[in-house]
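Below is one structure, written out as C-alpha coordinates; comments come after it.
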Amino acid sequence: MHTFKDSLNITVSSGSGGAGCVSFLRERFKAKGGPDGGDGGRGGNVVFKVKPDLKTLSFYKNGQKLAANNGKPGMGSRKSGASGEDLVIFVPPNTRVYDVFTDSMLFELQNFDDEVIALKGGRGGLGNVNFKSSTKRTPRFAQPGESGTTLDLRLELVLIADIGLVGLPNAGKSSLISTITASRSKVGNYPFTTKVPHLGVLKSSYEDLVIADVPGIIEGASRGMGLGFEFLRHISKTKILVFLIDVASNDFMSTYSILVNELSVYDVGLSSKKRIIVANKLDLEGAIENFNQLKRALDGEKVLGISIYDNRGIDELVNELFALSRI
(Lines of atoms letter the chains of each structure in order from A and count residues from 1; the text may use other names and numbers.)
(Lines give C-alpha, C1' and ligand atoms only; values in the text may rest on other atoms or scores of the structure.)
Protein backbone atom coordinates (compact mmCIF):
# COMPACT_ATOMS: atom_id res chain seq x y z
CA MET A 1 0.00 0.00 0.00
CA HIS A 2 1.21 3.47 -0.84
CA THR A 3 0.45 6.48 1.34
CA PHE A 4 0.20 9.39 -1.03
CA LYS A 5 2.18 12.54 -0.57
CA ASP A 6 -0.36 14.56 -2.43
CA SER A 7 1.63 17.80 -2.58
CA LEU A 8 5.11 18.99 -1.67
CA ASN A 9 7.40 21.95 -2.24
CA ILE A 10 10.95 21.73 -3.57
CA THR A 11 13.56 24.27 -4.64
CA VAL A 12 15.46 23.53 -7.84
CA SER A 13 18.49 25.27 -9.34
CA SER A 14 20.11 24.91 -12.72
CA GLY A 15 23.89 24.82 -12.92
CA SER A 16 26.04 27.86 -13.60
CA GLY A 17 28.19 27.94 -16.71
CA GLY A 18 31.92 27.41 -16.36
CA ALA A 19 34.27 30.36 -16.69
CA GLY A 20 36.16 30.96 -19.90
CA CYS A 21 39.90 30.37 -19.74
CA VAL A 22 42.70 32.92 -20.07
CA SER A 23 45.57 31.04 -21.66
CA PHE A 24 48.29 31.59 -24.25
CA LEU A 25 49.94 29.19 -26.62
CA ARG A 26 53.29 27.99 -25.36
CA GLU A 27 55.41 26.01 -27.80
CA ARG A 28 59.11 25.63 -28.46
CA PHE A 29 60.49 28.52 -30.41
CA LYS A 30 57.26 30.51 -29.80
CA ALA A 31 57.85 32.45 -26.64
CA LYS A 32 54.83 34.65 -27.22
CA GLY A 33 52.08 32.54 -28.73
CA GLY A 34 48.56 33.83 -29.23
CA PRO A 35 45.56 33.33 -26.92
CA ASP A 36 44.19 29.78 -26.75
CA GLY A 37 41.81 29.84 -23.76
CA GLY A 38 38.76 27.61 -24.29
CA ASP A 39 35.13 28.27 -23.38
CA GLY A 40 33.49 27.18 -20.15
CA GLY A 41 31.00 24.32 -20.16
CA ARG A 42 27.25 24.78 -20.02
CA GLY A 43 25.55 24.43 -16.65
CA GLY A 44 23.22 21.49 -16.13
CA ASN A 45 19.51 21.83 -16.88
CA VAL A 46 16.68 20.96 -14.50
CA VAL A 47 14.59 18.32 -16.25
CA PHE A 48 11.28 16.79 -15.12
CA LYS A 49 10.60 13.34 -16.51
CA VAL A 50 7.79 10.84 -16.03
CA LYS A 51 8.82 7.48 -14.62
CA PRO A 52 6.00 4.97 -15.18
CA ASP A 53 6.64 2.80 -12.13
CA LEU A 54 6.47 5.73 -9.70
CA LYS A 55 3.13 6.01 -7.90
CA THR A 56 3.87 8.73 -5.34
CA LEU A 57 5.94 11.85 -4.72
CA SER A 58 7.44 10.30 -1.59
CA PHE A 59 10.87 9.95 -3.22
CA TYR A 60 11.36 13.65 -2.38
CA LYS A 61 11.13 15.49 0.91
CA ASN A 62 9.05 18.60 1.45
CA GLY A 63 11.35 21.63 1.34
CA GLN A 64 14.18 19.70 -0.31
CA LYS A 65 16.73 21.69 -2.34
CA LEU A 66 18.02 20.11 -5.53
CA ALA A 67 20.60 21.45 -7.97
CA ALA A 68 22.13 20.54 -11.30
CA ASN A 69 25.92 20.55 -11.62
CA ASN A 70 27.91 23.57 -12.74
CA GLY A 71 29.83 23.57 -15.99
CA LYS A 72 33.59 23.12 -15.83
CA PRO A 73 35.92 26.02 -16.68
CA GLY A 74 37.59 26.20 -20.06
CA MET A 75 41.19 25.11 -20.53
CA GLY A 76 44.20 25.96 -22.62
CA SER A 77 44.72 24.68 -26.15
CA ARG A 78 41.21 25.90 -26.93
CA LYS A 79 39.65 23.06 -24.94
CA SER A 80 36.12 23.69 -23.72
CA GLY A 81 35.07 22.74 -20.22
CA ALA A 82 32.68 19.83 -19.72
CA SER A 83 28.98 20.60 -19.42
CA GLY A 84 27.38 20.18 -16.00
CA GLU A 85 25.25 17.09 -15.46
CA ASP A 86 21.52 17.72 -15.69
CA LEU A 87 19.31 17.35 -12.64
CA VAL A 88 16.59 14.90 -13.65
CA ILE A 89 13.56 14.84 -11.36
CA PHE A 90 11.47 11.72 -11.89
CA VAL A 91 7.77 12.04 -11.12
CA PRO A 92 4.66 9.85 -11.53
CA PRO A 93 2.26 10.41 -14.42
CA ASN A 94 -0.30 13.17 -13.80
CA THR A 95 2.04 15.41 -11.81
CA ARG A 96 1.40 19.14 -11.95
CA VAL A 97 4.19 21.64 -11.32
CA TYR A 98 3.38 25.11 -9.93
CA ASP A 99 5.40 28.23 -9.24
CA VAL A 100 5.10 28.70 -5.48
CA PHE A 101 5.10 32.50 -5.59
CA THR A 102 2.65 33.08 -8.45
CA ASP A 103 0.60 29.92 -7.78
CA SER A 104 0.43 29.42 -11.54
CA MET A 105 0.77 25.98 -13.11
CA LEU A 106 3.94 25.86 -15.19
CA PHE A 107 3.37 22.47 -16.80
CA GLU A 108 1.76 19.07 -16.31
CA LEU A 109 3.36 15.70 -16.98
CA GLN A 110 0.71 13.16 -17.91
CA ASN A 111 2.15 10.46 -20.13
CA PHE A 112 4.92 7.94 -19.69
CA ASP A 113 7.27 9.68 -22.15
CA ASP A 114 6.66 13.29 -21.05
CA GLU A 115 9.78 15.35 -20.37
CA VAL A 116 10.09 19.08 -19.65
CA ILE A 117 13.15 21.28 -19.22
CA ALA A 118 12.07 23.48 -16.31
CA LEU A 119 15.28 25.51 -16.08
CA LYS A 120 18.15 25.81 -18.51
CA GLY A 121 21.70 25.85 -17.24
CA GLY A 122 23.83 28.97 -17.54
CA ARG A 123 25.95 29.43 -20.65
CA GLY A 124 29.66 28.88 -20.39
CA GLY A 125 31.87 31.94 -20.54
CA LEU A 126 33.94 32.61 -23.65
CA GLY A 127 37.67 31.96 -23.43
CA ASN A 128 40.17 34.66 -24.32
CA VAL A 129 40.76 33.16 -27.78
CA ASN A 130 37.41 34.73 -28.74
CA PHE A 131 38.59 38.26 -27.92
CA LYS A 132 41.68 38.44 -30.10
CA SER A 133 41.51 41.27 -32.62
CA SER A 134 43.78 43.48 -34.65
CA THR A 135 43.97 45.87 -31.72
CA LYS A 136 44.01 43.25 -28.93
CA ARG A 137 46.62 40.68 -29.80
CA THR A 138 46.93 39.28 -26.29
CA PRO A 139 43.59 39.61 -24.47
CA ARG A 140 44.15 38.83 -20.81
CA PHE A 141 40.50 38.41 -19.91
CA ALA A 142 37.68 35.93 -20.48
CA GLN A 143 33.99 35.80 -19.72
CA PRO A 144 32.66 34.40 -16.46
CA GLY A 145 30.02 31.72 -16.79
CA GLU A 146 26.36 32.68 -16.69
CA SER A 147 24.74 32.00 -13.33
CA GLY A 148 22.13 29.30 -12.99
CA THR A 149 18.58 30.11 -11.95
CA THR A 150 16.45 28.95 -9.03
CA LEU A 151 12.74 28.22 -8.74
CA ASP A 152 10.54 27.36 -5.78
CA LEU A 153 8.08 24.78 -7.03
CA ARG A 154 5.04 22.93 -5.75
CA LEU A 155 4.45 19.45 -7.09
CA GLU A 156 0.91 18.09 -7.00
CA LEU A 157 -0.05 14.55 -7.85
CA VAL A 158 -3.48 13.94 -9.32
CA LEU A 159 -4.21 10.44 -8.14
CA ILE A 160 -5.31 8.14 -10.93
CA ALA A 161 -7.21 5.00 -10.06
CA ASP A 162 -9.70 2.76 -11.80
CA ILE A 163 -12.11 2.79 -8.86
CA GLY A 164 -12.88 5.57 -6.39
CA LEU A 165 -14.18 4.42 -3.01
CA VAL A 166 -16.22 7.19 -1.41
CA GLY A 167 -18.43 7.48 1.64
CA LEU A 168 -19.07 9.44 4.78
CA PRO A 169 -16.53 9.23 7.61
CA ASN A 170 -16.64 5.90 9.41
CA ALA A 171 -18.51 4.11 6.61
CA GLY A 172 -15.85 1.39 6.57
CA LYS A 173 -13.84 2.39 3.49
CA SER A 174 -10.43 1.64 4.99
CA SER A 175 -11.62 -1.74 6.25
CA LEU A 176 -13.11 -2.59 2.86
CA ILE A 177 -10.02 -1.72 0.87
CA SER A 178 -7.92 -3.74 3.32
CA THR A 179 -10.26 -6.70 2.85
CA ILE A 180 -10.45 -6.76 -0.94
CA THR A 181 -6.85 -5.77 -1.73
CA ALA A 182 -3.39 -6.36 -0.38
CA SER A 183 -3.27 -2.91 1.21
CA ARG A 184 -3.50 -2.22 4.91
CA SER A 185 -5.17 1.16 5.23
CA LYS A 186 -5.24 2.59 8.74
CA VAL A 187 -8.42 1.43 10.47
CA GLY A 188 -10.09 3.00 13.50
CA ASN A 189 -13.56 3.65 14.88
CA TYR A 190 -13.58 7.42 14.57
CA PRO A 191 -14.21 9.87 11.73
CA PHE A 192 -11.45 10.90 9.32
CA THR A 193 -9.22 7.90 10.01
CA THR A 194 -7.97 8.22 6.45
CA LYS A 195 -6.19 11.56 6.23
CA VAL A 196 -4.64 10.98 2.80
CA PRO A 197 -5.67 8.87 -0.19
CA HIS A 198 -4.49 5.28 -0.26
CA LEU A 199 -4.18 2.85 -3.11
CA GLY A 200 -4.95 -0.83 -3.22
CA VAL A 201 -4.85 -3.28 -6.09
CA LEU A 202 -7.56 -5.78 -6.94
CA LYS A 203 -5.78 -8.65 -8.66
CA SER A 204 -7.08 -11.31 -11.00
CA SER A 205 -5.43 -13.68 -13.44
CA TYR A 206 -6.17 -11.37 -16.37
CA GLU A 207 -6.46 -7.85 -14.97
CA ASP A 208 -5.46 -5.57 -12.11
CA LEU A 209 -7.68 -2.74 -10.90
CA VAL A 210 -6.37 0.13 -8.80
CA ILE A 211 -8.79 1.32 -6.13
CA ALA A 212 -8.45 4.64 -4.31
CA ASP A 213 -9.48 4.84 -0.67
CA VAL A 214 -10.36 8.53 -0.49
CA PRO A 215 -10.84 10.34 2.86
CA GLY A 216 -14.41 10.57 4.09
CA ILE A 217 -16.71 13.09 2.47
CA ILE A 218 -18.96 15.16 4.70
CA GLU A 219 -21.83 17.44 3.75
CA GLY A 220 -20.17 20.63 2.55
CA ALA A 221 -16.97 18.95 1.35
CA SER A 222 -17.41 20.58 -2.06
CA ARG A 223 -17.14 23.94 -0.27
CA GLY A 224 -13.98 22.92 1.56
CA MET A 225 -15.56 21.74 4.82
CA GLY A 226 -14.05 18.83 6.70
CA LEU A 227 -11.11 17.49 4.75
CA GLY A 228 -12.35 19.63 1.90
CA PHE A 229 -12.45 19.49 -1.86
CA GLU A 230 -8.71 18.84 -2.19
CA PHE A 231 -9.50 15.13 -1.91
CA LEU A 232 -12.50 15.21 -4.24
CA ARG A 233 -10.18 15.87 -7.18
CA HIS A 234 -8.48 12.53 -6.58
CA ILE A 235 -11.50 10.66 -7.91
CA SER A 236 -12.11 12.95 -10.87
CA LYS A 237 -10.37 10.59 -13.30
CA THR A 238 -11.56 7.24 -11.98
CA LYS A 239 -13.72 5.02 -14.19
CA ILE A 240 -15.93 3.57 -11.45
CA LEU A 241 -17.29 4.94 -8.18
CA VAL A 242 -18.23 2.81 -5.19
CA PHE A 243 -20.61 4.55 -2.78
CA LEU A 244 -20.16 2.89 0.60
CA ILE A 245 -23.12 3.41 2.93
CA ASP A 246 -23.35 2.34 6.57
CA VAL A 247 -26.83 0.81 6.72
CA ALA A 248 -26.51 0.28 10.48
CA SER A 249 -26.63 4.05 11.01
CA ASN A 250 -29.82 6.03 11.54
CA ASP A 251 -29.23 8.39 8.61
CA PHE A 252 -28.41 5.78 5.96
CA MET A 253 -31.12 7.05 3.61
CA SER A 254 -29.71 10.57 3.47
CA THR A 255 -26.14 9.36 2.93
CA TYR A 256 -26.72 8.57 -0.73
CA SER A 257 -28.11 12.06 -1.40
CA ILE A 258 -25.19 13.72 0.39
CA LEU A 259 -22.62 11.78 -1.63
CA VAL A 260 -24.30 12.44 -4.98
CA ASN A 261 -24.80 16.13 -4.17
CA GLU A 262 -21.23 16.76 -3.02
CA LEU A 263 -19.76 15.05 -6.07
CA SER A 264 -22.10 16.92 -8.41
CA VAL A 265 -21.30 20.31 -6.88
CA TYR A 266 -17.57 19.68 -7.22
CA ASP A 267 -17.72 18.21 -10.74
CA VAL A 268 -20.95 17.46 -12.56
CA GLY A 269 -19.23 14.67 -14.46
CA LEU A 270 -18.62 12.67 -11.30
CA SER A 271 -22.30 11.95 -10.71
CA SER A 272 -22.64 10.35 -14.16
CA LYS A 273 -19.79 7.86 -13.75
CA LYS A 274 -20.40 4.12 -13.55
CA ARG A 275 -21.11 3.27 -9.93
CA ILE A 276 -22.13 0.64 -7.43
CA ILE A 277 -23.97 1.35 -4.20
CA VAL A 278 -22.56 -0.86 -1.44
CA ALA A 279 -24.49 -1.24 1.82
CA ASN A 280 -22.01 -2.09 4.58
CA LYS A 281 -22.30 -3.59 8.09
CA LEU A 282 -25.03 -6.13 7.34
CA ASP A 283 -23.93 -8.07 10.42
CA LEU A 284 -25.29 -5.39 12.76
CA GLU A 285 -28.81 -5.29 14.17
CA GLY A 286 -31.41 -3.76 11.87
CA ALA A 287 -29.00 -3.48 8.94
CA ILE A 288 -30.70 -6.10 6.74
CA GLU A 289 -34.04 -4.30 6.99
CA ASN A 290 -32.35 -0.99 6.20
CA PHE A 291 -30.53 -2.58 3.24
CA ASN A 292 -33.82 -3.77 1.75
CA GLN A 293 -35.33 -0.33 2.26
CA LEU A 294 -32.34 1.26 0.51
CA LYS A 295 -32.69 -1.09 -2.47
CA ARG A 296 -36.35 -0.19 -2.85
CA ALA A 297 -35.59 3.52 -2.65
CA LEU A 298 -32.76 3.29 -5.19
CA ASP A 299 -34.59 1.22 -7.76
CA GLY A 300 -32.51 1.25 -10.94
CA GLU A 301 -29.19 1.52 -9.12
CA LYS A 302 -26.86 -1.45 -8.61
CA VAL A 303 -27.05 -2.01 -4.84
CA LEU A 304 -25.00 -4.73 -3.13
CA GLY A 305 -24.89 -5.68 0.53
CA ILE A 306 -21.72 -6.67 2.39
CA SER A 307 -20.32 -7.29 5.82
CA ILE A 308 -16.59 -6.84 6.21
CA TYR A 309 -16.84 -8.47 9.63
CA ASP A 310 -17.94 -11.86 8.27
CA ASN A 311 -16.90 -11.40 4.59
CA ARG A 312 -20.53 -11.49 3.44
CA GLY A 313 -20.94 -10.33 -0.17
CA ILE A 314 -17.24 -9.53 -0.67
CA ASP A 315 -16.68 -11.97 -3.54
CA GLU A 316 -19.80 -10.74 -5.32
CA LEU A 317 -18.60 -7.14 -4.99
CA VAL A 318 -15.14 -7.93 -6.39
CA ASN A 319 -16.64 -9.84 -9.33
CA GLU A 320 -19.01 -6.96 -10.04
CA LEU A 321 -16.14 -4.46 -10.06
CA PHE A 322 -14.20 -6.50 -12.60
CA ALA A 323 -17.32 -6.92 -14.73
CA LEU A 324 -18.10 -3.20 -14.62
CA SER A 325 -14.53 -2.29 -15.59
CA ARG A 326 -14.91 -4.20 -18.86
CA ILE A 327 -18.09 -2.40 -19.94
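Just so it is clear, glycine is given a Cβ too, placed from its N, Cα and C backbone atoms.
Within 10 Å of the C-beta of Ser174 (Mg(2+) binding site) we count 24 further C-beta atoms, all protein chains included. Annotated GTP binding site per Swiss-Prot: 167-174, 192-196, 213-216, 280-283, 307-309, in sequence order, evidence recorded as sequence analysis.
Taken from Swiss-Prot, the feature Mg(2+) binding site applies to Ser174, Thr194.
The domain 'Obg' annotation in Swiss-Prot covers 2-160.
Swiss-Prot lists 161-326 with the feature domain 'OBG-type G'. The average per-residue pLDDT of the prediction over the domain 'OBG-type G' (161-326) is 77, rounded to a whole number.
Every protein chain considered, the tally of other Cβ atoms within 10 Å of the Cβ of Lys173 (GTP binding site) stands at 28. The number of other Cβ atoms within 10 Å of the Cβ belonging to Gly167 (GTP binding site), over all protein chains shown, comes to 23.
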